[in-house]
Structures are given as structure tokens and as C-alpha cells.
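Asker: Following this message is one structure expressed as C-alpha cells.
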Amino acid sequence: MPTIASPLPLATTGPENGSSIYDYDYLDDVTVLVCSKDEVLSFGRVFLPVVYSLIFVLGLAGNLLLLVVLLHSVPQRRRMIELYLLNLAVSNLLFVVTMPFWAISVAWHWVFGSFLCKVVSTLYSINFYCGIFFITCMSLDKYLEIVHAQPLHRPKTRFRNLLLIVMVWITALAVSVPEMVFVKVHQTLDGVWHCYADFGGHATIWKLYLRFQMNLLGFLFPLLAMIFFYSRIGCVLVRLRPPGQGRALRMAAALVVVFFLLWFPYNLTLFLHSLLDLHVFGNCKISHRLDYMLQVTESLAFSHCCFTPVLYAFSSHSFRQYLKAVLSVVLRRHQAPGTAHAPPCSHSESSRVTAQEDVVSMNDLGERQADISLNKGEIGNN
């Protein structure tokens, strides 16, 4: 099962990385507390496969739709927000394709061999972090466009943003190194195979490190960045009072609130698990409760790949226009076979329609801010 510190090590497994941390048995040499976790394991074998299957189906459908719209309807020279969404969709797709492996592993055991153990664990970890990082990048992009009125299509600006995308993938790969190094298949005494990270005699230290890494890189730093970026965006919206100001403010608040609601319970549970391992507090009753909490909050956090892309995509007025164009083509093909090859509305038509409507999103406001900045510069030069 996809958990940082070896999910269900005695019955089911998952990556012991910095993204999800199950340690149901607490049987490390340095651990004093030893509790029976049969009830927790039984609950996980029923609850987690169902949740992972739902995440797989919903995440696959939503992100494939997002990917199709971005690849086929968005103009070839995409804005940075659309490139971030494109990378987010790819990352989420790679993440959700690992869910069936973990669902089978939790319900039964690992049956996919040593090679897929490493591949699936590494894919899980890399794209777990990439999803969070690209969400943060999108808030940075809106901040630069709206607050600093950064021109959208300057070569230097575009190059820096593309470099940021590359750095996101490299950073996610770097924090996933433990998956590549330590994860392997293990056979129990009764001949059952599991896939999880074996840290040897330093298991507790590694688990604490990976949990705190998740707390900082996967939650606290992105949350603080989003709060800062959207607070500044809100100040600009209040000062300029553009059309649709209220909707844009609500959208900015919703993006931060959704991120917090999805990720805070999970990260709090990971932090409490770390305190338990450090013997700050703990007994078997608390240990059991934390194990149940971890299964539920982890599932809530994983659902981000189903809902977040939709929320971000539909905050863009232009994306809604692209989606309408795709759906209209699909409906025409379904209703009238003779018009199956009728072309969708052109990019120029779509752009004109978008430009004629009121600005009601942060994305559109960012474009207007950049245009205003360029016009001021031209006037100053004259």
C-alpha cells in the first residue's frame, strides 16, 4: 500500500517513502511498544482497496479529459498556466495508475515481482510530490501575472517558467531516491510476498526523516506559499475592482481551503505518528486510533488527484471555452455521423469569444494586468 513507512508490513505493503507512512506493527528493534494490529489490518484490507479503486477510476477519467482538452483544443502556444495543468494531469495519471497495484497488494499480497515493486513505488513517490509542487507553481504563476503584471509571452519569462517545470520533476525525483534504493520485495515465513522499503537497522530514523520531509515539502511550505500568493492576489483584486472581483476572490480562497482540507488531516496524523515513534506519548489504544486515522486521512489526501485538476481548470474562463469546443465536436459526431469530420471552432474564434465576455477569473485578470503593464511601458517610451 502506498504509505511512507511501509503500509501493512505484515499483511499488505506499500512504499516506505516520504509520501505515506504506515507502520502498523511497530516492530523495530528500538521500539518498546508492541501492539496487536489484527483489527487494523482487517479494516485496511476492506476499506483501502475500495478507496484506491475509486481514486483510480475518477482520477483516470478526470485527468484524461483534462489532458485531451489541453492537447487538442488549447492553442499550440500555450500559456504557462496551461503547461502547469498539462504537467499536473500527466503527474496525476502516473500517480493513479499505481492505485490498482496497491489495492491488490493490500487485499492480498504483492504478486507483481521485484522489478514492478521498484517501478510502481518510484512512480508513486515522484508523482505524489509533483502533484503538490505543480499546484504551488500555478499559484506562483497567477501571483506573477496579477501582482507583478509579468508579460505572458516574453522569451525570458517563458524560459524561466519552463526551467521551473524541469526543476519540479528533478526535485520530485530527488526526494524519491529512497524508493529506488531501499524498496524491494520481501517474503514472509509463510511464503507471502510484500513490497516495501527495508531500511535495516536505521528504520526509525528513516521513517522520521521521510515523515518530516512530507510535512515540510508536501504540506507546510506549499501551504505558506499559496497563502502568500493568493493573499497578494486578493489585495490587487480589492484595489483594482475588476469585473467578477467577487468570484475571483472566492476562487482564490477556495483553492487554499481545498488544499488545506485535503492535506492537513493526513499531515497531522503523520506528525502524531512520529511523536508516537519518539515515545513522546503512546499506548496501544492511541496507536490503534492513529492507524485508523492514517488510512482515512491518506485516502482523503489521495483524492486530490481527482478534484484539484477540475477545480483549477474550471477557474480558467478560456479552459471552459476549450472544453465546450471539445464537447460540441463529440456531440456532433454522436448525433450526426455525416458531420464526424466537422472541425471544431478555430483557436481565433475561441479567443474572440473569450475576449468578448466579462473577465471573471484570475487567469483572465492576469492577462489583462500584463497587457496594462506593456501598454504603460510603451507610453513611457513614447
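A Cβ is built for glycine as well, from the same backbone N, Cα and C atoms used for every other residue.
Values in this document were obtained by computation on a predicted structure and should not be read as measured data.
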Asker: If you look at what Swiss-Prot says, which of CYS117, CYS130, CYS284 makes a disulfide link with CYS195?
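Answerer: In Swiss-Prot, CYS195 forms its recorded disulfide with CYS117.
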Asker: Going by the topological domains in Swiss-Prot, would PHE47 and ARG320 end up on one side of the membrane?
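Answerer: No, Swiss-Prot places PHE47 and ARG320 on opposite sides of the membrane.
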Asker: Could you break down the residues of the topological domain 'Extracellular' (114-118) into DSSP helix, strand and coil, giving a count for each?
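Answerer: Each residue of the topological domain 'Extracellular' (114-118) counted once, the result is 5 helix, 0 strand, 0 coil.
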Asker: Give the one range among 50-70, 163-183, 218-238 whose Cβ atoms make the most pairs under 8 Å with those of the transmembrane segment (119-140).
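Answerer: Of the candidates 50-70, 163-183, 218-238, 163-183 scores highest.
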Asker: Hey, would you say the transmembrane segment (218-238) packs against the transmembrane segment (163-183), going by three or more CB pairs under 8 A that are 6+ residues apart?
Answerer: no
Asker: Which is it, of CYS117, CYS195: the one of these disulfide-bonded residues whose Cβ has the most other Cβ atoms within 10 Å?
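Answerer: Counting Cβ neighbours within 10 Å, the top one is CYS195.
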Asker: Three states by DSSP: which one describes CYS195 (disulfide bond)?
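Answerer: The three-state answer is strand.
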